[in-house]
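> Pulled these from TrEMBL:
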- 7-148: domain 'Lactate/malate dehydrogenase N-terminal' (DOMAIN)
- Gly12, Ala13, Ala14, Gly15, Gln16, Ile17, Gly18, Asn106, Gln113, Val130, Gly131, Asn132: NAD(+) binding site (BINDING)
- Arg93, Arg99, Asn132, Arg163: substrate binding site (BINDING)
- 158-324: domain 'Lactate/malate dehydrogenase C-terminal' (DOMAIN)
- His188: active site, proton acceptor (ACT_SITE)
Amino acid sequence: MSTTPVTVTVTGAAGQIGYALLFRIASGQLLGPDTPVKLRLLEIPQAVKAAEGTAMELDDCAFPLLAGVDIFDDATAAFDGVNVGLLVGARPRGAGMERGDLLAANGGIFGPQGAAINAGAADDVRVLVVGNPANTNALIASKHAPDVPAERFTAMMRLDHNRALAQLAAKSGVGVGDVKNVTIWGNHSAKQYPDIAHATIGGRPAPSVIADDAWVTDTFIPTVAKRGAAIIDARGASSAASAANAAVDHVRDWVLGTPEGEWTSVGLVSDGSYGVPEGVISGFPCVSKDGAWEIVQGLEMSEAAQAGLAVSVAGLVEERDAVAELSLI
Ligand SMILES: NC(=O)C1=CN([C@@H]2O[C@H](COP(=O)(O)OP(=O)(O)OC[C@H]3O[C@@H](n4cnc5c(N)ncnc54)[C@H](O)[C@@H]3O)[C@@H](O)[C@H]2O)C=CC1
Ligand SMILES: O=C([O-])CC(=O)C(=O)O
């Protein structure tokens, strides 16, 4: 076992996702069974007491890998020395809202946190933004951290990706582990484009296994894209355990690598790949090698996929322009 603990800062630690996430991190599911972790929890002052309660429960789990828990209401202190930053703390949407409607309420959170990361993070810092609208919040944080490479600020598309795997597995009657290489392009919004063109099911091309284009267009894509709203409708609260699970999957693959021959979906700063304007944070097919995400290049995109990505990217550009207008970037 390595003896140097990895410092993981989680914002919104007293919230729903925080409660589902912290115990998974402390048990070793984020960074592997040999890596001790130090948790630094950031909350707003009113929620610090609740975070303290969660920290008491973390103690009571007696996790061998947990090397300490500290609680903060100040971002600069919370991100001091951070190796992995999970930016969860933000308001969730309610029924009838789109995630982009949260920009005015949540955008202001991410500039100061980006600046705090810039000021005090470890050189290898990796950031995952979960708080919505995740892609544009990640952009805001990144813009406030000029000394941190932009590709270290990622937005969570993994929940959409996992949703897509589950829908395809159910439709084709296989286990989820048999479905690989789906891509969620664009924004983590209802306008994302879930793409099965290069996916495989049991090692065979997904489009020919499914063999039902109408189902893909009329059922699969809208089900995945609108799943967040369906969960809010059913639960009366937005996804929490599945979001925490996706965050664990994202960071684990980033740090430990994606399995050979498989990619996942990551909200990553665009380098212009697939015609996505440089600088916006868009969902791409990505592999992680040597601890860094790389966009999978050279995938042929159907006309429908190109059109779907263009619509989604237009939403990202609109959000970027809106936060520029609000002087958030
Ligand atoms: N990207 C994705 O796939 C998903 C994103 N989300 C988003 O994650 C966010 C959190 O969701 P929940 O945990 O369900 O919400 P929640 O309301 O249960 O918890 C949010 C927590 O963040 C804290 N918080 C607010 N401002 C903060 C700040 N400046 N610094 C630190 N903490 C702060 C609040 O005190 C609260 O404890 C929401 O924006 C939600 O929409 C949720 C599911 C999936
Ligand atoms: O839909 C929401 O507001 C929460 C979320 O991002 C998701 O479940 O994908």
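The backbone N, Cα and C atoms fix where each Cβ goes, and this holds for glycine too.
TrEMBL entries are annotated by machine, without manual review.
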> Given the binding-site residues Gly18, Gly131, which one is most crowded in terms of C-beta atoms within 10 angstroms?
Gly131
> I need the CA-to-CA distance for Arg93 (substrate binding site) versus Gly131 (NAD(+) binding site), whole Å please.
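Roughly 10 Å, rounded to the nearest whole number.
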> Using DSSP, break the domain 'Lactate/malate dehydrogenase N-terminal' (7-148) down into helix, strand and coil residues and give each count.
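Across the domain 'Lactate/malate dehydrogenase N-terminal' (7-148), the residues distribute as 63 helix, 26 strand, 53 coil.
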> Using C-alpha atoms only, work out the spacing between Ala14 (NAD(+) binding site) and Asn132 (substrate binding site) and round it to an integer in Å.
17
> Calculate the distance in Å between the alpha carbons (Cα) of Asn132 (substrate binding site) and Gly12 (NAD(+) binding site), and round it to a whole number.
12
> Find the longest CA to CA distance in the recorded NAD(+)-binding set Gly12, Ala13, Ala14, Gly15, Gln16, Ile17, Gly18, Asn106, Gln113, Val130, Gly131, Asn132; express it in Å as a whole number.
20
> Whole-number answer please: how many Å between the C-alpha atoms of Gln16 (NAD(+) binding site) and His188 (active site, proton acceptor)?
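Here the two Cα atoms lie 19 Å apart.
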> Could you list, ordered by sequence, which of these binding-site residues: Ala14, Gly18, Gln113, Arg163, have a Cβ under 6 Å from ligand 2?
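Checking each Cβ against ligand 2, none of them comes under 6 Å.
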> Taking just the CA atoms, what is the gap between Arg163 (substrate binding site) and the residue listed as 'active site, proton acceptor' in Å?
12
